[in-house]
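Colleague: According to TrEMBL, the protein has these features:
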COMPBIAS  A:7-29  compositional bias 'Low complexity'
DOMAIN    A:114-331  domain 'ABC transmembrane type-1'
REGION    A:1-42  region 'Disordered'
TRANSMEM  A:53-76  transmembrane segment
TRANSMEM  A:113-139  transmembrane segment
TRANSMEM  A:151-174  transmembrane segment
TRANSMEM  A:315-334  transmembrane segment
Amino acid sequence: MSSSKQALAHPASSADAAPGDKPGAAGRANGRGTPPPGSSSWRSRLYRWDMKASPYAFISPFFIVFGAFSLIPLLYTAWYSLHNVQLANLDGQTWAGLDNYENLLSSDFFWNALWNTFTIGVISTVPQLLMAIGLAHLLNYKLRGSTVWRVVMLTPYATSVAAATLVFVLLYSWDGGMINWLLDFVGIDPVNWRESDWGSQFAVSSIVIWRWTGYNALIYLAAMQAIPVDLYESAAIDGANRWQQFIHVTIPQLRPTILFTVVVSTIGATQLFGEPLLFGGVSGSKGGSEHQYQTLGLYMYDQGWIIGNLGKASAIAWSMFLILLIVAVIQLLISRRLRKSQ
Amino acid sequence: MTATELTTPQSTEPVKTRRERPRVMGAGKQLHAGPLTYVVLSLFALLSLAPLVWTAIAASRSNQRLAETPPPLWFGGNLFKNMERAWEEGGLGTAMFNTIFVAGMITISTVLFSTLAGFAFAKLRFKFSGVLLLLTIGTMMIPPQLAVVPLYLWMADLGWSNQLQTVILPTLCTAFGTFFMRQYLVQALPTELIEAARVDGASSLRVVWHVVFPAARPAMAVLGLLTFVFAWNDFLWPIIALNQENPTVQVALNSLGTGYVPDQAVIMAGALLGTLPLLIAFLLFGKQIVGGIMQGAVKG
């Protein structure tokens, strides 16, 4: 892993250097731009052109796809969010100004969806990452059949949202469901996992937790294996036991990786869609009979493609983006504060 | 994630002086797992596998038996009957073919374009390369929800609603793939090799074909597997872009699950069928996929 860390130092340095480069200096600077001696001037010109143009040709597919299917649509979504666009009448768009946004801000369902996205995000992300760290710590021991353990922990990742959720719907069903049956076994009253407020949110979160814990554990494991052995040696000499080593060496060393997984999980939680949709069955896009687990992603789908108001759906999409940006800024501030305090 | 945050911490001076002292038993060495570790890991393994095993159990039962308490804990004899019904009633045949086609096209193009772009970012010097790389990484922050309304409208305009190219086109190339290949090629592809080819007068395409592709092959395989898993399981855009007549597996499973008179055993058979190809791939290439995630995700 240490070599991969070296690789990471590269983008920052080249990013710093790039704006200062003089035109044409880049090709000569690395000494690779010189054509083979003795070739004709036509060939050498072609060669030099190839040297200059090919990097851009190689990266252009990504930027074309990104531009055509992400960047331009992103701007168009903003445009549509200021219009009245109905699914039933796609050509009859009319200017609506900020109507869609005002409509959202005064809608209880929007605030409900925002709140649900937050609570489901917290109860799915926090336990998931805590368990993943613990799991990674265990996987970091010398294990018999270590690869087998890792593959087994990752199998839920290979299960699709649709297949996983359909199974969990059955496991959580009110009567005859495996989970209520097990609860009954230990003397706990059955929970109405689909209708109750916190029960349904917990059920939806558990699907997320099940699918992603192993994946995050592998990310932590990779980072743990890159921690220098010296640090543990000196901690042991200072008299730290295993638990203290974990708290005072492993966790601080994992800090950047933890931040990374928190960012990725937050992005994922903001967009949560498939799990609650399928968990709700027929009333999926409503997020349950009382909208008790309707997330922002579901709300957008419901408004856009079930009710048919694509202008409003665009406004919801942009709200999601703004919320993500706010979250990103908060996370940046927290990580900066943490780094300063160290 | 900025690059500086992930640089390896350097061992400091005090550590070196301490090292000269006699080693403490067990310190620093990778320790063998105790019995408790195996117990906890087995519990996690059980939790990971149980829902999948139970899918198979439920798929092999009848609908009535699933509704009874206690739920069935062992296999029944209806597996193939239920699978056949799911295949026909859920339209899983078309769905399976569509998904293999879509995921296959996405995988081929993503691996190809990511290798080219990754090579350029890893080994070629060009103006704005650093800025463009940061931009590439930054695009991973943009949620797919922000594009679906215009994409839907455009595809409708083109008369492409419910056609597979609507699903394939937006994913022809990914930021993750580009960055993954870049990180691999930075270390796996010796710069001298490229320089040698250059001195021999090789064009960029020849360098790519004879030097870059052979060096990148292991990472291309891993990226291919990760992309295939991603494309197979993608949900949001397919469910908007495709209808029940021409679905991918995920869209078909959704309509199977939202049927008004659901036969749970058949739904479970469908869920099993929809996951089976990936599970088989996982059994065959699990080690590579695990390695790929451990290698790629930390840097992501």
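Even glycines carry a Cβ here, placed using N, Cα and C.
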Colleague: Same chain only, please: residues at least 6 beyond the ends of the transmembrane segment (A:113-139) with a C-beta under 8 Å from a C-beta of the stretch. Say none if there are none.
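Modeller: Same-chain contacts beyond the ends: 146, 149-150, 153, 201-202, 204-206, 208-209, 212-221, 224, 246, 250-251, 254, 258, 261-262, 265-266, 269-270, 272, 276, 287, 291-299, 323.
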Colleague: Which residues of the chain, 6 or more past the ends of the transmembrane segment (A:315-334), have a CB below 8 A from one of its CBs?
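Modeller: For the transmembrane segment (A:315-334), the nonlocal Cβ contacts are 74, 77-78, 81, 100-101, 103-104, 110, 114, 259, 262-263, 266-267, 270-271, 296-297, 299-300, 303-304.
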Colleague: Residues of the same chain, at least six outside the transmembrane segment (A:151-174), with any C-beta under 8 angstroms of its C-beta?
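Modeller: Beyond its ends, the transmembrane segment (A:151-174) has Cβ neighbours at 135, 139, 180, 190, 192-195, 203, 206-207, 210-215, 217-218, 274-275, 278-279, 281.
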